[in-house]
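Read through the structure below, which is laid out as C-alpha cells, and then see the notes.
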Amino acid sequence: MAEHAPRRCCLGWDFSTQQVKVVAVDAELNVFYEESVHFDRDLPEFGTQGGVHVHKDGLTVTSPVLMWVQALDIILEKMKASGFDFSQVLALSGAGQQHGSIYWKAGSQQALTSLSPDLPLHQQLQDCFSISDCPVWMDSSSTTQCRQLEAAMGGAQALSCLTGSRAYERFTGNQIAKIYQQNPEAYSHTERISLVSSFAASLFLGSYSPIDYSDGSGMNLLQIQDKVWSQACLGACAPHLEEKLGPPVPSCSVVGAISSYYVQRYGFPPGCKVVAFTGDNPASLAGMRLEEGDIAVSLGTSDTLFLWLQEPMPALEGHIFCNPVDSQHYMALLCFKNGSLMREKIRDESASRSWSDFSKALQSTEMGNGGNLGFYFDVMEITPEIIGRHRFNTENHKVAAFPGDVEVRALIEGQFMAKRIHAEGLGYRVMSKTKILATGGASHNRDILQVLADVFGAPVYVIDTANSACVGSAYRAFHGLAGGTDVPFSEVVKLAPNPRLAATPSPGASQRRWVGVSTTKLVSASDAQHRGSNLGRRVAGAMVRKCGTMLEDTRVLLKQSSWPKPAANLDIIKTPETLS
C-alpha cells in the first residue's frame, strides 16, 4: 500500500528464510506501509524451494547470497514505484534468520564503499563473495565440528556455560569450522564473515557492519557474560577468525549513517541512521515488547518459548542469548517439537475432531486433573529428548489410557508444565509483574490459555505478531535513535498497541504443586522409555547429577504449598546427550 503524505518514520527489515520484508512505522508507532519479496516466487532463477537449496546428502542446506542482494534491489524499486517517501526515514534496523553466515572476499570492502547509484546492488556485488551459496540455520552437516568444539572446551556443559548453548550444527562457529576444514582456499580468501543480520546491515551501511551481541550469541563463539569473542572457541574453529569477525557491539548501537548510494538512488536523507541488525528471534522479542519477568509462548506446529532473564543458568537444552533491548539482561529460547499437531491428534482421538468439544473437556475437568497427567511425544521431542505417550494417575502409576476429557486436560497441562520446568531450568522465575504473551494458532482458544495462566500463575495476553521481527526492528531503530543503552526500551515503545488480556489464573492456581508433580512424572516417563538400556542408565545418572539449583527451587516451592510432600525421586530430566 502506498503512503504519499509526509510521515516521519523508521524502517524495520526482515531477511528471513523465504522472503525479505519491510515495514514502515511512524512516530506514534503505527505500521503504515509494508512490502515483501518472496524468493521462490519473485526470484525463480535461483531455483530455491522454501528459499533454500537442500543438497544431495540431505544435511547440507544453503541459500544463494546474491538472491538476498537482488531481493533488496527489487523491494526498494517496488517501494519507489509505489511512491514511498524515503526522505522521511529517520533510521532503519533489521533482522536476519539466525546462524547463517556470509563470506566476503578480500577487496569487498572497497566495492561496498564505492557503489554507483546508476546500477542495482546485485550487479556490483556479484564478485564479492568467496562462497556463493552460504549455510543457513536448516543445515545439519557439521556434527563432526560440534563434537570437536565441545571436546576442546571441556564438554557440552562447559561450552553452554560460556556461550549460552551447547554445540549445535546450525550454529555459526561450527559452520565456519566445517568450511575451513573442507574449503580452506575459500576461507583464506575471506576478509570478513557476517551473519545474515550484519550482512544485511552492511548493504545499507556501505561498509562492514559489526555483529551485535544478541545475534552473536547464536554462534557458539561469544562469551555471553563478558560480551567478547571466546579466544578458546575461536581457536578451536579456525585460524585468524577474530579479525574476520570484527568486534561485536551492543544490539542498540547506531553503526553509522546510510550509504550515499541510497541517498542518490532512492532519496534517503544523508542523516538516516543504521542501527545494528540482529537475529529474527531477538527482533521478535523486541516486537512483542517483552519486559523483565515476561514470557512469550508461540503455540504453533512447534511450540517456542521466549524468556526474559536477568540471571541465566545455561543448560544442555535451550539457548541463552544476550538481550537485544537491554544489554545487561538475557533472553532464552526453548523449542518443543510436539506442538499443534499433537494437540490436533488428541482432539481427533478424544474430542470428536472438534475444537468445541476439546474446549468442553477442559471446562468439565478440574485444575490439576485429579492428579492425572500425561506427556505426549508422537515425534522425538527436542526438550527433553524422548518419544511416546506417557500417562500417570494420581498414585504416579503409569496407565495405558485416560477417559477422553481427562486425556485432553492431561495433554494441555502436561505441555505447559513441561514448558515451565524447562524455563525454570534456564533461570526463569515467575514474578508478581509477569505477563505471558501467547501467539500462534492455539492462542485463539481461551480454554487452552486458561490452563496456561493456571500453570504459570500469571495473566495471559494475546498479541498480533504477524510481522513481529519487522516491527521489532523498527522499534529498535527508534530505540537506537533515542540513545540506546541510555534509554529504557519500554519508554521508547510505550505508545505501541497494547496486548489484549485473555486469561487470568484461577483462584488457588499459584498454590498448586504444578512443578513437583510434573517433574516426577516426566522423570518416570523417561525411565520407563529407557529402562534397562545403557541410555536409560545415562539418563538416570543425568537426573541425579544435573538437577542443581532447579531441583532445590522446586523443593522450596513444594514446601510452601499445602499439597503432599514430593516423592523421593524428584529430579529433573535432562537430554540423553548430557553424558556424551
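Cβ atoms are placed via backbone N, Cα and C, with glycine included.
Here Swiss-Prot flags H99, R170, D280, N281 as substrate binding site. Positions annotated as ATP binding site by Swiss-Prot, on the basis of similarity to another entry: W355, G441, A442, N445.
Known features from Swiss-Prot, placed on the structure.
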residue: H99; record: substrate binding site; contacts (Cβ under 8 Å, 6+ apart): V136, W137, R170, F171, T172, Q175, L195, G218, M219
residue: D280; record: substrate binding site; contacts (Cβ under 8 Å, 6+ apart): D14, S16, A95, G96, Q97, Q98, A469
residue: N281; record: substrate binding site; contacts (Cβ under 8 Å, 6+ apart): Q98, F306, F321, L333
residue: W355; record: ATP binding site; contacts (Cβ under 8 Å, 6+ apart): R347, N445
residue: G441; record: ATP binding site; contacts (Cβ under 8 Å, 6+ apart): L299, G300, S340
residue: A442; record: ATP binding site; contacts (Cβ under 8 Å, 6+ apart): L299, S340, R343, I448
Using all protein chains in view, find how many other C-beta atoms are within 10 Å of the C-beta of R170 (substrate binding site).
21
For the recorded ATP site, whose residues are W355, G441, A442, N445, find every other residue on that chain with a C-beta no more than 8 angstroms from the centre of their C-beta atoms, and list them by sequence position.
L299, S340, R343, S443, H444, I448
State the count of C-beta atoms found within 10 angstroms of the C-beta of N445 (ATP binding site), not counting that atom itself.
19
For the substrate site built from H99, R170, D280, N281, further residues of that chain with CB within 8 A of the site's CB center:
Q97, Q98, G100, W137, D215, G218, G279
What's the longest C-alpha separation between any two of H99, R170, D280, N281, the listed substrate-binding residues, in angstrom?
15
Tell me the coarse DSSP state (helix, strand, coil) of A442 (ATP binding site).
helix
Checking the spread of the ATP site as listed (W355, G441, A442, N445): what is the longest Cα-Cα distance, in whole Å?
12
